[in-house]
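*Asks:* According to Swiss-Prot:
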- ASP7, ASP139: Mg(2+) 1 binding site (BINDING)
- ASP7: active site (ACT_SITE)
- GLU67: Mg(2+) 2 binding site (BINDING)
- GLU67: active site (ACT_SITE)
- ASP139: active site (ACT_SITE)
Amino acid sequence: MRIIGIDPGLARVGYGIIDEIEGKKIMIDCGIIETKSTQKEEERLVEISNDLSSIIKKWNPNSAAVEKFFFYRSSTTISVVQARGVIMMTLGKYKLPIQEFPPMQIKLAVTGYGHSDKNDVLNSVMHELNVTSPPKPDDAADALAIALTGIYLK
């Protein structure tokens with residue numbers, strides 16, 4: 001099984017690719033899709049879709065896991081929701097089964113405690129994937145946690 005985890009955003013979209021082979025989880029790749037604040041919003045959304053398409057074509061995941069939000073209050077959050085919609089559309093274009101998880105469920109799945117802090121999540125991700133240095137930037141590490149949640153809760 002190969003899964004892509006995605007941490008949605010407009011400025012930075014984190015992604016993480018993990019293989020699960022006979023119960024062992026192996027980090028294949030992680031990183032970010034970054035857009036510039038000087039671009040028009042529609043240009044940023046197109047860039048996210050195009051870059052995500054390239055990542056999907058390169059790594060050919062079997063499924064996807066995406067962070068899900070419940071509250072939309074600020075204009076910044078609305079932009080993130082728009083980016084998330086583009087991400088969902090792009091995943092759908094490749095017919096990837098999509099799992100969606102709220103932040104508390106991701107923390108619970110990865111650390112065993114739904115109110116864990118970022119360091120606890122990061123340490124759990126590093127331990128599970130047997131990596132010695134933290135995945136950078138934080139958005140990529142978060143995406144790996146989302147991918148692990150997709151594996152644990154499949």
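Note that Cβ sites are derived from N, Cα and C of the backbone, with glycine treated the same way.
A quick note: this is a predicted structure, and the numbers were derived from the prediction, not measured.
Thinking about packing and proximity, how do these listed features fit into the structure?
*Replies:* In the three-state DSSP reading, ASP139 (Mg(2+) 1 binding site) counts as helix. Here ASP139 (Mg(2+) 1 binding site) comes close to ASP7, GLY9, ARG12, VAL13, GLY14, ILE32: these same-chain residues lie at least six apart in sequence, with C-beta atoms under 8 angstroms from its C-beta.
Note on ASP7 (Mg(2+) 1 binding site): other Cβ atoms within 10 Å of its Cβ, all shown chains, come to 26.
Counting only same-chain residues six or more apart in sequence, the Cβ atoms lying under 8 angstroms from the Cβ of GLU67 (Mg(2+) 2 binding site) belong to ILE6, ASP7, PRO8, GLU100, PHE101, PRO102, PRO103, ILE106, ASP142, ILE146.
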